Amino acid sequence: MSSSTSTIVAIASAAGTGGVGIVRLSGPQSRQIAVQLGVARLQPRHAHYARFRDAQGAVIDDGIALWFNAPHSFTGEDVVELQGHGSPVLLRQLVARCIELGARQARAGEFSERAFLNGKLDLAQAEAIADVIAAGDLRAARAARRALDGVFSRRVDAVAHTLTRLRIHVEAAIDFADEPLDTLGGNQVRDGLTQARTLLAQLLRDAERGRTLRDGLHAVLIGPPNAGKSSLLNALAGSERAIVTDVAGTTRDTLHEAIQLDGFELTLVDTAGLRDGGDAIEREGMRRARAELERADLALVVLDARDPQAARAAIGDAIDAVPRQLWIHNKCDLLSDAAPLDVNAIAVSAVTGQGLEQLHIRLRELALGDGVEGVDGEFSARTRHVEALRRAERHVDAADLELGFEQLELAAEELRLAHEALGEITGKISADDLLGKIFSSFCIGK
């Protein structure tokens, strides 16, 4: 049966035992199944006490039944929620009875998928449901809540609306090719392109911040041996996670440690020191360090403050591929008062704690930009959103270039591709396989 004609059922409450458990039904048979379970009367948006019974009339459980009639429900279909005791055994028995009465087990994310397909929320909002549930702290939860409320989607739609107006002018210029572009609203096209680029740049910046709030930041500690990378990881983590000795090359493998820092998760990766030579085990450690850099959002380049230039030479070009870098001069407590400090680096001492507060501030700035906790526009975002915005930005830039050469057909195509990239975010333009991947990552009852 298709999703539009079948009735689905699943446990909607959290896994495990609890005070209350919820079984959710959605589809045309929801109300009928509830009646057959033993709910004598159902009024929309009213709570009704009932005993839920099996095929022989024995009581499975007792609790509350609520009916949300279409289209005034989460999915846009008839929805019934059966609230009973939070026993996994009883909840599974209740689901099995619903299936006997004509429902089928819901797929992962199918309730949210139906809400999307029925126009109750767009794709970015549907994804935000999972982000609200998975939020690791209050700031991430608030950002996810704003995305669910449509803050992100409305900004995407604003850019899309600007592109629509642009496309109208460019398509008109193509239809009237004998007329100069300026007589067909050339200034409006140029102004519109400027506005679109500005809106996209701002939205991309905020989406990258939202992705950091959702996914955290992957930061790799890199540098020569005995620069104090492991000591710095321990200082940032607030515990002795890495082995620290005075022997160069102590760290041979990678060590991952996740910490909470000002509203986002920072995953620190301690790595083997980079240098020429070393035994086979140390060389393997250095290979793994370089591999970690390829996946890094941020490189924390740790150098010995007493001789940073020599330490910098040992690293070579290993960090060139990492877009964001923070240079740290460790062991600053061992410097004489007259020793000069690099103004582009942060001086710290993992032993005394000197400079760690400044390091925290700089890490936050690199992760979240100049965003302030609690600003109205902060929202959660995902990697696919950021990638789609980057594609849209590239296509708008290309359209601007083509218009400069008066290549109107090519400019129109670039604007169409930019529009399409934005549509992928909200689901206005999405391939079926993309939708399947997104909703299959949800909980069964969501």
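Note that Cβ sites are derived from N, Cα and C of the backbone, with glycine treated the same way.
Database features (Swiss-Prot):
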type	residues	note
BINDING	ARG24, GLU81, LYS120, LYS446	(6S)-5-formyl-5,6,7,8-tetrahydrofolate binding site
BINDING	226-231, 245-251, 270-273	GTP binding site
BINDING	ASN226, THR245, VAL247, THR250	K(+) binding site
BINDING	SER230, THR251	Mg(2+) binding site
DOMAIN	216-368	domain 'TrmE-type G'
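Structure with Swiss-Prot features highlighted.
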residue	record	CB count, 10 Å
ARG24	(6S)-5-formyl-5,6,7,8-tetrahydrofolate binding site	25
GLU81	(6S)-5-formyl-5,6,7,8-tetrahydrofolate binding site	22
LYS120	(6S)-5-formyl-5,6,7,8-tetrahydrofolate binding site	17
ASN226	GTP binding site	20
LYS229	GTP binding site	32
SER230	Mg(2+) binding site	24
ALA272	GTP binding site	26
*Where does the mean pLDDT land for the domain 'TrmE-type G' (216-368)?*
81
*Cα of ALA272 (GTP binding site) to Cα of LYS120 ((6S)-5-formyl-5,6,7,8-tetrahydrofolate binding site): how many Å, rounded?*
51
*Integer Å distance between the CA atoms belonging to GLU81 ((6S)-5-formyl-5,6,7,8-tetrahydrofolate binding site) and ASN226 (GTP binding site)*: 60
*For LYS229 (GTP binding site) and LYS120 ((6S)-5-formyl-5,6,7,8-tetrahydrofolate binding site), what Cα-Cα distance in Å is obtained after rounding to a whole number?*
50
*Secondary structure of SER230 (Mg(2+) binding site) (DSSP, helix/strand/coil)*: helix
_Cα-to-Cα gap, LYS120 ((6S)-5-formyl-5,6,7,8-tetrahydrofolate binding site) vs SER230 (Mg(2+) binding site), nearest whole Å_ = 50
*Measuring Cα to Cα, tell me the gap between SER230 (Mg(2+) binding site) and ARG24 ((6S)-5-formyl-5,6,7,8-tetrahydrofolate binding site) in whole angstrom.*
50
